[in-house]
């Protein structure tokens, strides 16, 4: 095989978020060097050059999965897709970058969590990656560490949990403080939007009713619980003019809240995930416990069968913006930790490998979106929001050569028997998808071709992300200038002012306060 690093992709239809064109792509040293019709390589590059025929195929920017949890210690277990297996599977699906989450325990250092995840990922990743960092508690130390992470460590996104009471959940005043700091340091705030107090009470109620199976998971976390928290997060973010990113939007109700806020001018982005776009929560009522448990995730899939189509509609029309997978996989034996109590089932599903094909099938093949919108929601919008653009999320001169040769007419049947993930089931089992990645190129190297990998652990790199992403902060800065309240200019009051008598007792003070309140 010719040495990697010099590639000429011939005759494909290059698809970016804003236009498509038939052209060749010349890649050298991991970067796109030239685009054009009937492109001839430089004479000194002709030797050792590999030519890939993409005639009749699409040439796409590699996918960016905005939401993964590889080898995540959670609910007494650890997700089985580690940073090697998970990123290898991502490449097979046409994804060339993931953004995972470093999540500290309450009271623990954010920076130490970040370094822990870096140490786990750096030697293993097969594709490029970055890290969001979670804020699970609040103090002056947390505030300072957020600043350090944004300034020195390449982190420009911080996630707050409104659920998982007693574990990761933060209160409204902590959300306000964290959002305020995000704005100060030029980061984007992310939220897991569910009302954790209502979930905790609902879970007790379900168990008291004898509902111990996976259906209890959805019953104690209904749509209203997600929608309420989504609106609350948007309200708090708006109060401090902080950009907000709502992860895993799972219900019609929550999606409507995001859509309404965007149409009202709020700087907010919604992220549906492959699971919510490709299947629904009727699975929780399966009489086969393991099948039902395989689908347990938070927020849950919704039993309304119209939900996936509704979310795809909003993704297609711009009310929702990006797509992730929330890939957090636990094998059946791990899910069985909750065989007698649904609250103990580790939350999480697969999706990092199948995200691109599921969205093509449900979005493009169905006629809801075109190829350009597909690129926007699977790659470009994420690159813009998280300040990776145009190095990522675009095929242009100077961009990283993260490229997928995509066959829009080919089909594949999703199955745990053939997928490349470590988990022993697949929530999309049996789904036939149009849209198949034939070749995946990461950092200028062909890493996956015709079902064969050519990649080793550590090929991928950590990609730092700078704060104050122009795509989101242009509007934030303008809103600061035009929407910040100002005092009314008026002449000073010069009339009589009543003199209050001194109060001698606490009771008099209280009574006086009441009287003043009614004056």
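Note that Cβ sites are derived from N, Cα and C of the backbone, with glycine treated the same way.
Pulled from Swiss-Prot, these are the features on record:
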BINDING   67, 69, 159, 326  Zn(2+) 1 binding site
BINDING   159, 192, 248  Zn(2+) 2 binding site
BINDING   164, 347  substrate binding site
MOD_RES   79  phosphoserine
MOD_RES   159  N6-carboxylysine
MOD_RES   256  N6-succinyllysine
MOD_RES   510  phosphothreonine
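Highest local Cβ density among the binding-site residues 67, 159, 192 belongs to 67, counted as other Cβ atoms within 10 Å over all protein chains shown. Using a 10 angstroms CA-CA radius around residue 248 (Zn(2+) 2 binding site), the binding-site residues that qualify from 67, 69, 326 are 67, 326. Taking the mean position of the Cβ atoms of 67, 69, 159, 326 as the Zn(2+) 1 site, the remaining residues of that chain whose Cβ falls within 8 Å of it are 66, 68, 100, 101, 132, 247, 248, 324, 328. Comparing the recorded positions 69, 248, 256 on other C-beta atoms within 10 angstroms of each C-beta gives the minimum for 256. Counting other C-beta atoms within 10 Å of each candidate's C-beta, the recorded positions 79, 347 are led by 79. In this structure the C-alpha atoms belonging to residue 67 (Zn(2+) 1 binding site) and residue 347 (substrate binding site) are separated by 14 Å. DSSP gives residue 159 (Zn(2+) 1 binding site) a strand state. Of the candidate recorded positions, 79, 159, 192, the one lying closest to residue 347 (substrate binding site) when CA atoms are compared is 79. Between residue 69 (Zn(2+) 1 binding site) and residue 164 (substrate binding site), the C-alpha separation comes to 16 Å. In the shown protein chains, 30 other C-beta atoms lie within 10 A of the C-beta of residue 326 (Zn(2+) 1 binding site). Same-chain neighbours of the Zn(2+) 2 site beyond 159, 192, 248, judged by a C-beta within 8 angstroms of the site's C-beta center, are, in sequence order, 67, 161, 190, 191, 193, 246, 247. If you compare Cα positions, the residue listed as 'N6-succinyllysine' sits closest to 192 out of the recorded positions 79, 159, 164, 192, 326. The residue listed as 'N6-succinyllysine' carries a helical DSSP state (H, G or I). When other Cβ atoms within 10 Å of the Cβ of residue 164 (substrate binding site) are tallied across all protein chains shown, the result is 19.
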